[in-house]
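Asker: Below are the structure tokens for one structure; questions will follow.
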Amino acid sequence: MEKIVVEKSPALKGRVRISGAKNAALPILAACLLGTEDIYLEEVPELQDVHIMCQVLEALGSEVEVLGKGKLKINSAHLKEYKTPFELMNKMRASFLVMGPLLARMGKTENSLPGGCSIGARPIDYHLKGFRALGAEIHEDLGNITASCDELVGEKIYLDFPSVGATENIMMAAVLAKGETVIDNAAKEPEIVDLSNFLRKLGAKVTGAGTSTIRIVGVDRLGGARHAIIPDRIEAGTFMVAAAITGGDVLVENVITNHIKPVIAKLKESGAEVIEEGENVRVIGRPLPETIDIKTLPYPGFPTDMQAQFMAYMTQCKGSNVAIETVFENRFMHVEEFEKMGADIKIDGRSAVVIGPKRLHGAHVHASDLRAGAALILVGLVAEGKTHIHDIYHIDRGYEDIEEKFRNLGAVISRVESEEI
Ligand SMILES: CC(=O)N[C@H]1[C@@H](OP(=O)(O)OP(=O)(O)OC[C@H]2O[C@@H](n3ccc(=O)[nH]c3=O)[C@H](O)[C@@H]2O)O[C@H](CO)[C@@H](O)[C@@H]1O
Ligand SMILES: C=C(OP(=O)(O)O)C(=O)O
């Protein structure tokens with residue numbers, strides 16, 4: 001077992017290049033099951049989740065070839081399997097995104113319930129409701145889900161909540177369905193737009209991605225494409241907070257600044273200087289940041305995937321800082337770990353009040369999920385002494401070369417074998 005050790009570090013300085021987005025790469029990899037010709041992907045981040053998704057594709061019959069760093073060639077002309085291996089499904093949430101493409105391509109699919117970050121119950125009822133509306137028959141049995149159909153037929157589908165995964169899964173099922181599908185109250189995240197752009201390159205007829213109504217007119221078959229994954233807005237936000245929390249000066253490169261408006265706004269409210277320069281954004285932190293409040297919401301609201309990192313920042317901001325989590329019902333697991341390091345945080349249901357600024361000290365802490373792990377690195381940068389972060393496999397699911405990127409900015413961080421605490 002490995003752990004990450006972070007020491008109190010100087011103000012971070014320098015430049016960091018952001019990788020392709022995990023949450024765009026995963027649905028796009030699943031969508032590769034729909035294409036019948038060669039697909040070339042670029043800017044694919046080298047992450048644990050991506051490796052697992054590639055293994056899922058191979059298990060289903062796709063040929064996956066690594067052409068170079070971040071470059072993949074995928075061919076799914078001859079799918080041979082409609083069941084996803086349990087041991088792969090179990091490892092991550094996004095594995096369930098193969099269900100829509102498999103239904104569309106094979107007319108049947110069998111999957112166990114997906115694993116992933118423990119941040120709430122994370123049911124998949126909206127996905128299943130969408131598939132049923134398109135004509136699939138679904139059977140649920142002891143955590144195993146089978147879906148089958150003679151053909152999928154377009155339908156109007158209203159989502160009770162703009163779920164990212166359900167929007168993606170239904171879009172992917174609908175691209176080969178007969179007639180028109182309309183998804184209302186669809187998620188509007190940039191990753192949905194990236195998936196739509198990719199599907200269109202394959203030959204799908206999708207319009208409206210990025211708005212709350214997405215229209216899909218089914219086609220008979222999809223071909224091949226060449227596509228570069230969009231930059232990861234959550235990785236960008238994490239490094240922006242790293243610059244702010246250490247009072248540093250960091251140029252974050254390869255960013256679509258439109259995708260990170262709430263992060264920019266909140267950092268500015270705290271007094272940090274944020275300068276947008278084309279595809280780069282420079283963040284200059286200041287001592288004793290002002291009080292800030294955040295409330296997570298579906299895009300374009302403040303991203304839940306940045307909540308833990310901002311709570312890390314709040315431990316160094318003045319006064320009572322409030323974080324409200326509205327997307328997931330149990331996403332404050334990092335708080336207990338922050339408290340081990342001296343943070344003063346009170347939780348009441350979905351709200352947390354972080355009293356700052358606090359002098360933190362290193363401790364042995366556990367990454368309860370991916371962003372919690374990233375947030376522990378951030379507090380480790382400003383805490384006295386050494387912070388030992390355990391269960392770092394969560395971090396590896398979603399951050400490419402994380403220690404190297406931090407080290408290049410002057411952070412004192414290393415990965416070592418853990419003798420367990
Ligand atoms: C791989 C990926 O892209 N993961 C992201 C995706 O997760 P994911 O696609 O799982 O998130 P959703 O948008 O679906 O979930 C949002 C909320 O809807 C609920 N829900 C969802 C589906 C469903 O069928 N029933 C239901 O009740 C969830 O429990 C949650 O409370 O969007 C989340 C919200 O931005 C991000 O935090 C994740 O990083
Ligand atoms: C919650 C996340 O990922 P997943 O949906 O893959 O668990 C995340 O990226 O923060």
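Note: Cβ is positioned from N, Cα and C throughout, glycine not excepted.
What TrEMBL shows for this protein is this:
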DOMAIN    7-405  domain 'Enolpyruvate transferase'
BINDING   K22, N23  phosphoenolpyruvate binding site
BINDING   R93, D305, V327  UDP-N-acetyl-alpha-D-glucosamine binding site
MOD_RES   C117  2-(S-cysteinyl)pyruvic acid O-phosphothioketal
ACT_SITE  C117  active site, proton donor
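Help me understand the surroundings of these features in the structure.
Answerer: Following the DSSP three-state reduction, the secondary structure of N23 (phosphoenolpyruvate binding site) is helix.
Counted within 10 Å of its Cβ, the other Cβ atoms near R93 (UDP-N-acetyl-alpha-D-glucosamine binding site) come to 19, all protein chains included.
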Asker: What's the CA to CA span in angstrom from N23 (phosphoenolpyruvate binding site) over to D305 (UDP-N-acetyl-alpha-D-glucosamine binding site)?
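Answerer: Taking the Cα atoms only, N23 (phosphoenolpyruvate binding site) lies 11 Å from D305 (UDP-N-acetyl-alpha-D-glucosamine binding site).
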Asker: Please report the Cα separation of K22 (phosphoenolpyruvate binding site) and D305 (UDP-N-acetyl-alpha-D-glucosamine binding site) in Å, rounded to an integer.
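Answerer: Pair distance, Cα basis, whole Å: 12 Å.
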Asker: Are there any residues in the same chain, six or more apart in sequence, whose C-beta is under 8 angstroms from the C-beta of V327 (UDP-N-acetyl-alpha-D-glucosamine binding site), and if so which?
Answerer: T296, L297, P298, T304
